[in-house]
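**Student:** Sharing a structure, written as structure tokens. Questions coming.
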Amino acid sequence: MTNLRKTHPLMKIINSSFIDLPAPSNISSWWNFGSLLGVCLIVQILTGLFLAMHYTSDTMTAFSSVTHICRDVNYGWLIRYLHANGASMFFICLFLHVGRGLYYGSYMFLETWNIGVLLLFAVMATAFMGYVLPWGQMSFWGATVITNLLSAIPYIGSDLVEWIWGGFSVDKATLTRFFAFHFILPFIIAALAGVHLLFLHETGSNNPSGLCSDADKIPFHPYYTIKDILGVLLLILVLTSLVLFSPDLLGDPDNYTPANPLNTPPHIKPEXYFLFAYAILRSIPNKLGGVLALVLSILVLAFIPFLHTSKQRSMMFRPFSQCLFWILVADLLTLTWIGGQPVEHPFIIIGQLASILYFLLILVLMPITSLFENNLLKW
């Protein structure tokens, strides 16, 4: 009798994706982040569902409903902080996952990579709308500033902003629709993640060497299931430590003040994981230019496969490209720091230089260095 997991229509799909999947024998812990992102998404959907049971998307009661969740609902404080800090963990895993893809040349799987870029945009949109929901000062002003950027679009800009707002300012209509979108988007993200996996399993995983691993495959279960469980346990350890010891470490104190349209906070800044993009936005004095740079800072990832000039896929054996990669990482950390600083000297010039370096590295220096390394192979 054939095993049920190989014959049952539904089990067959699960089996070919998570049990009998042929995987390269040499993939490192950098390949754990895909499964960690899946765990993060499940945690976010579950905690979000329980929060939505008690939350009210009305400007008069939104702030107090969040307070009610933290004070009166059984373990409401835990659910709320798991959701808020879970988002931070989600983005940390996302950035490490993308970084892994850049370093080891996983972007050569075009369909998988492009769906990944789309997923990144979807997750960023979801996180932005979620940040608006508690209706604190930073929620309100963050929503006002970021939605206002669309007014930079020529001709249709101002109409578009008012259409998104549902009025002449960020108000009840905006909050209600943001809640609706924030609720539906994670399910769209889950569907996209399924497509992401579908495309990945068409080609099989990449590996650190960047070479074809067809000659040396091992089954996903038990080898990588055990490895993934270790990653999940570490993720849970970090998340619970953050939630139970310093839940407000990554938050903004201004968001504990109810939204007040008549009082602007001294420094409007987004959540920790958006600061690098915010720094790029602020470093360009022109509004439209800033918006384009903001979008391009993520969209540039979609161009990377076409800028691959190296004869080798991975950076494992390319020391010069490795140097540039780590300079890019340092540059992103610099941008993150700048995004949280006030707009004054010397932060303005540092932000501008870091923004120029970011695009220069990806679009110019890395492809040229790859060509140089190709020539070194001839020696």
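Backbone N, Cα and C atoms are what each Cβ position is placed from, and that goes for glycine too.
In case it's useful when we look at the structure, here is the feature table from Swiss-Prot:
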- 33-53: transmembrane segment (TRANSMEM)
- 77-98: transmembrane segment (TRANSMEM)
- His83, His182: heme b b562 binding site (BINDING)
- His97, His196: heme b b566 binding site (BINDING)
- 113-133: transmembrane segment (TRANSMEM)
- 178-198: transmembrane segment (TRANSMEM)
- His201: ubiquinone binding site (BINDING)
- 226-246: transmembrane segment (TRANSMEM)
- 288-308: transmembrane segment (TRANSMEM)
- 320-340: transmembrane segment (TRANSMEM)
- 347-367: transmembrane segment (TRANSMEM)
**Student:** Same-chain Cβ contacts of the transmembrane segment (178-198) under 8 Å, 6 or more residues past its ends?
**Tutor:** 17, 37-38, 41, 44-45, 48, 52, 55, 57, 112, 115-116, 118-119, 122-123, 125-126, 129-130, 132-133, 143
**Student:** What residues in the same chain, six or more past the boundaries of the transmembrane segment (347-367), come closer than 8 Å to it by Cβ-Cβ distance?
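**Tutor:** For the transmembrane segment (347-367), the far contacts come to 279-280, 282-284, 293, 296-297, 300, 303-304, 307-309, 321, 324-325, 327-328, 331-332, 334-335, 338-339, 341.
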**Student:** If we check Cα distances from His97 (heme b b566 binding site), which of the binding-site residues His83, His182, His201 wins as closest?
**Tutor:** His201
**Student:** Check for me, if you would, whether the transmembrane segment (226-246) reaches the transmembrane segment (77-98) - at least 3 Cβ pairs under 8 Å, residues 6 or more apart in sequence.
**Tutor:** yes
**Student:** Could you check the binding-site residues His97, His182, His196, His201 and say which one's CB has the fewest neighbouring CB atoms inside 10 Å?
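**Tutor:** Result for the binding-site residues His97, His182, His196, His201: minimum number of other Cβ atoms within 10 Å at His201.
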**Student:** Using all protein chains in view, find how many other C-beta atoms are within 10 Å of the C-beta of His83 (heme b b562 binding site).
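**Tutor:** Around the Cβ of His83 (heme b b562 binding site), 21 other Cβ atoms lie within 10 Å.
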**Student:** What parts of the chain pack near the transmembrane segment (320-340), using Cβ distances under 8 Å and only residues at least 6 beyond its ends?
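**Tutor:** Contacts with the transmembrane segment (320-340): 99, 102-103, 269-270, 272, 274-280, 282-283, 310, 347, 350-351, 354-355, 357-358, 361-362, 365-366, 369-370, 372-373.
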**Student:** Could you give the residue numbers and ranges of same-chain residues that sit at least 6 residues beyond the transmembrane segment (33-53) on either side and whose C-beta is under 8 angstroms from one of its C-beta atoms?
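**Tutor:** For the transmembrane segment (33-53), the sequence-distant neighbours (Cβ-Cβ under 8 Å, at least 6 residues beyond its ends) are 69, 79-80, 82-83, 86-87, 89-90, 93-94, 96-97, 100, 182-183, 186-187, 189-190, 193, 228, 231-232, 235, 239.
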**Student:** Whole-number Å only: compute the distance from the Cα of the residue listed as 'ubiquinone binding site' to the Cα of His83 (heme b b562 binding site).
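**Tutor:** Distance between the two Cα atoms comes out at 30 Å.
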**Student:** In Å, rounded, how far does the Cα of His83 (heme b b562 binding site) sit from the Cα of His196 (heme b b566 binding site)?
**Tutor:** 24
